[in-house]
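Here's the structure we're looking at; comments come further down.
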Amino acid sequence: MSLKDLINKNLSHWVAGQGPERDIVLSSRIRLARNLDTIPYPNRADKDSKEEVTKRVLDATSKQGKIKLHYIKMDDLPEVEREVLVEKHLISPAHAKAGEGKGVLLNDNETISIMINEEDHLRLQVLIPGLQLEGAWETASELDDLLEEKLDFAFSQKWGYLSACPTNVGTGLRASVMVHLPALNLTNNINKMLGAISKVGLTVRGIYGEGSEYVGNLYQISNQVTLGHTEKEIIANLKSVTSQIIEQERQARNLLLKEKEIEVRDRVNRSFGILSHAYQISSEEALRMLSNVKLGIDMGIITDVDTGVLSELMVLIRPAHLQKLEGKELTPTERDIKRAELIKTRLNM
């Protein structure tokens, strides 16, 4: 596969597309947890039960007619292909691990994914670029309604939608945004902001969800609970907090230009120099340097590189994407070399 093919055909819309506040908010995500009534949850289900879930879901999605979805059986994919789906945020790391009955449904531009037999029978996700929580919710809600016409979801009048995880009981809704906050980090305000978020019913994770590290100044902010709040309330709260975070990040960027312009320009250009000339580079270092360069582009320090290229590289430099591009398994050192080559090539395209 050529670099051009990988970029043009294998980048999800949330990476390559445009959206409101895109310089700070990389993506908006809505995820709904649903289970079929009378069938055990995946962690207690046998092979036949999981196959029955898959059969019912595929039958329901094929009959809804409005949204074209393609089914992928996880056991049919080699490990690197499963990891590519994780790196594109289309499936969870847990879903990529070997196990019977697992599958995923995707639409053409990968804004919609439905994991089958993950922690719940269905994890329906809509992922789009920029701050578009309402738009993502509208799409997710429409598909949820279409599926509920064909499937009997486990639902309690008292508790709402039932889930294998207590924190998902209620609406089953997890709304999240992925944000790039380098200036808050550079002005030493990031910990204060993260602490404030936890006090308003939200949580902050790394870019791959629970248990993942913060890298490249990227943070995933989402609601903590789904019980006792309507979907609109959850989304409105997250959007309001995100808007405040955006404003704080913009103020921090202005402060840096006003009080530390030389230091910021030096950091940005040093990072660009490393990315442009490194012979090998680790994923962690590359993400740090890309974060600095993206900040420089967004602040007008670098003017001859499209900020979209930086967003693309944040995905393309991951281990599975590099190995898919090369068409073979790579050692860590080989990945570091190929990562440096890819970055140099892409920055000069």
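A Cβ is built for glycine as well, from the same backbone N, Cα and C atoms used for every other residue.
Pulled from Swiss-Prot, these are the features on record:
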type: BINDING; residues: 27-31, His89, Arg123, 174-178, 205-210; note: ATP binding site
type: DOMAIN; residues: 24-252; note: domain 'Phosphagen kinase C-terminal'
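Overlay of Swiss-Prot feature records on the structure.
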| residue | record | Cβ neighbours (10 Å) |
| --- | --- | --- |
| Ser27 | ATP binding site | 26 |
| Ile30 | ATP binding site | 27 |
| Arg123 | ATP binding site | 24 |
| Ser176 | ATP binding site | 25 |
| Arg205 | ATP binding site | 17 |
**Request:** Could you pull the average pLDDT for the domain 'Phosphagen kinase C-terminal' (24-252)?
**Result:** 93
**Request:** Sort Ser176 (ATP binding site) into helix, strand or coil using the DSSP assignment.
**Result:** strand
